[in-house]
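*Asks:* Annotation comment: TrEMBL describes His95 as active site, electrophile. According to TrEMBL, the active site, proton acceptor annotation covers Glu167. Summarising the annotation, TrEMBL assigns substrate binding site to Asn9, Trp10, Lys11, Gly173, Ser213.
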Amino acid sequence: MRVPIIAGNWKMNKDVQEAVSFVKQVKDELPPANQLETAIAGPTLCLVPMVKAAGKSPLKIMAENCYYKDDGAYTGETSPYALYQAGIHHVILGHSERRTYFNESDDMINKKVKAALKNGLCPIVCCDDTMGRRVTGKKVHWVVSRILADVHGLTDDEICHVTIAYEPSWAIGTGESADPDQAAEGCYLIRQTISDMYGDNVANDVRILYGGSVTTANINALMEKQDIDGVLVGAASLNPATFLQLVHH
Ligand SMILES: O=C[C@H](O)COP(=O)(O)O
């Protein structure tokens, strides 16, 4: 069974004090992780204090990015090894803003996914709705081509530790969410793509989230869809009361 996830992505918002205060306000109000996983990705500077504030609560603290090398002369980057050692076991990779503003390519994201997994981190890999066509014999498969590249070369066991977030770039931060049918279709196509690469059993284990202008007003309709296993929420995750409403939708 795929446990649903409500994940916040704060992006470059909140200082350490604000981040810790948020965690303290929500940490005792969350369901057990085996019923519904809850997670927040915060700025790198906030992560260790957030882990400390979360204590034994089910809230998972996630990094918003990491590099693909464990150490070395890479000024300004964050080591996946050091994240894991600091108690951060989840990381968002390939977010649309990383691809657009920092020129991250599918090749770089693929390296980061592999490095994260090697270090024990579970990645949430974000992808847009770029579609491609793959022909096997006479059969035409519609696939989300970005996912083919981002998770290329992973073993069956590795892909099962990956969560994928379908985030159409036109829906991010615009207030214009995909309608639930559209969002479900995107998630369905990603699952078909994973099935094409790894088979049905693996595809049925991989969790696929929708992200893009999710709010307390549209979360119910999204979460009802069979292929949507959760949401990745930006702006609406910044306020602790709103985050709790999303969790208890
Ligand atoms: O990672 C989250 C997405 O970028 C969605 O952001 P948003 O909820 O502010 O549209």
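Numbers here mean position along the shown chain, with the first residue as 1.
The backbone N, Cα and C atoms fix where each Cβ goes, glycine too.
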*Asks:* Same chain, not part of Asn9, Trp10, Lys11, Gly173, Ser213: whose C-beta falls within 8 angstroms of the C-beta centre of the substrate site? Give them in sequence order.
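*Replies:* My list of surrounding residues reads Ile172, Val233, Gly234, Ala235, Ser237.
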*Asks:* What Cα-Cα separation, expressed in whole Å, is found between Gly173 (substrate binding site) and the residue listed as 'active site, proton acceptor'?
*Replies:* 11
*Asks:* Could you find out if DSSP has Gly173 (substrate binding site) as helix, strand or coil?
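*Replies:* DSSP assigns Gly173 (substrate binding site) to coil.
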*Asks:* Sorry to bug you, but what's the C-alpha spacing from His95 (active site, electrophile) to the residue listed as 'active site, proton acceptor', rounded to the closest Å?
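*Replies:* Distance between the two Cα atoms comes out at 8 Å.
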*Asks:* Cβ under 6 Å from an atom of ligand 1: which of these binding-site residues qualify? The list is Asn9, Trp10, Lys11.
*Replies:* Asn9
*Asks:* How big is the gap, in Å, between the Cα of Asn9 (substrate binding site) and that of His95 (active site, electrophile), rounded to a whole number?
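*Replies:* His95 (active site, electrophile) has its Cα 10 Å from the Cα of Asn9 (substrate binding site).
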*Asks:* Return the residue, from the listed binding-site residues Asn9, Ser213, with the maximum count of other C-beta atoms within 10 angstroms of its C-beta.
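*Replies:* Counting every other Cβ within 10 Å of each candidate, the maximum falls on Asn9.
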*Asks:* Just to confirm: which same-chain residues, 6+ apart in sequence, have a Cβ under 8 Å from the Cβ of Lys11 (substrate binding site)?
*Replies:* Glu64, Glu97, Gly234
*Asks:* How long is the line from the C-alpha of Ser213 (substrate binding site) to the C-alpha of the residue listed as 'active site, electrophile', rounded to the nearest angstrom?
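*Replies:* So the alpha carbons of Ser213 (substrate binding site) and the residue listed as 'active site, electrophile' sit roughly 14 Å from each other.
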